[in-house]
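**Q** First the structure, which I've put down as structure tokens, then a few questions once you've had a look.
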Amino acid sequence: MLLKASPAISLLNTTGDHPGSLFPSVSSLSNKNLSVSPSFRSKTGSGHVACASKGANNKPLTGVVFDPFEEVKKELNLVPNVPQVSLARQKFTDGSEAAINEQINVEYNVSYVYHAMYAYFDRDNVALKGLAKFFKESSIEEREHAEKLMEYQNKRGGKVKLQSILMPLTEFDHTEKGDALYAMELALSLEKLTNEKLLNLRNVAEKNNDVQLTDFVESEFLAEQVDAIKKISEYVAQLRRVGKGHGVWHFDQMLLHGEEIVA
């Protein structure tokens, strides 16, 4: 904001400079574009009052003047009057809004597949409770991601538009790999696909110069996706080692009770 100097600067000086003086003498001010008013006499002696001269430079040092009442007029004219239009929306493009809705659909579809996996491994004739638990938690996590995106969409003034969800597989038994390895490889592929979609969302935000959306995707999703891919990759490697036999049951117990119990 532009600050203007007051009409007079109260730089008072007693008769002469001394070590304890807070102000310089008039002679020392002579080269600082200041004029001196007529002297006056006080009880303690004569003194001078230094005032800013008409030639003083009152321009802001940075060259920037902020006039809020003038600059806000443009924003005030942009405030919508239609009830169906968001009041909070600012620097949020239609492309970003559409990309977020697509990512919401991705998260819900992946959640749906994980829920189908949970239902499969929870069957009485499959009975791998650890895998059922893992995929149920994965389904809930993906749904939470979708809800987080929905909250952000509303925060930025966009409209959430839910799309259709495809019916997932219901059988996961593979002739060569077995059900546990096949399902975990599918989970790994889904996590990589989700990460690819999130990177696309980030690219859309970057192209639209949407710094806030870029930060949101990077801070809330990308690091977590890398961790999930690493963890599931290790699960795939372990299941490939144990084959389709008794080792699958031990792996399932690890997921059910926690990795710390496995030597």
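Here the Cβ of each residue, glycine as well, is placed from N, Cα and C on the backbone.
Per TrEMBL, domain 'Ferritin-like diiron' is recorded for 90-243. Among the features that TrEMBL reports, Fe cation 1 binding site is placed at E107, H145, E191, Q225. Look at TrEMBL and you will find E142 tagged as Fe cation 2 binding site.
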**Q** With every protein chain in view, how many other Cβ atoms are within 10 Å of the Cβ of H145 (Fe cation 1 binding site)?
**A** 23
**Q** Neighbours of the Fe cation 1 site E107, H145, E191, Q225: Cβ within 8 Å of the Cβ centroid, same chain, sequence order.
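**A** For the Fe cation 1 site, the extra neighbours are V106, V110, E141, E142, T194, N195, L198, F221, E224, A228.
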**Q** Is it possible to get the count of other C-beta atoms within 10 angstroms of the C-beta of Q225 (Fe cation 1 binding site)?
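**A** Q225 (Fe cation 1 binding site): 18 neighbouring Cβ atoms within 10 Å.
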**Q** Can you give me the average pLDDT across the domain 'Ferritin-like diiron' (90-243), rounded to a whole number?
**A** 96
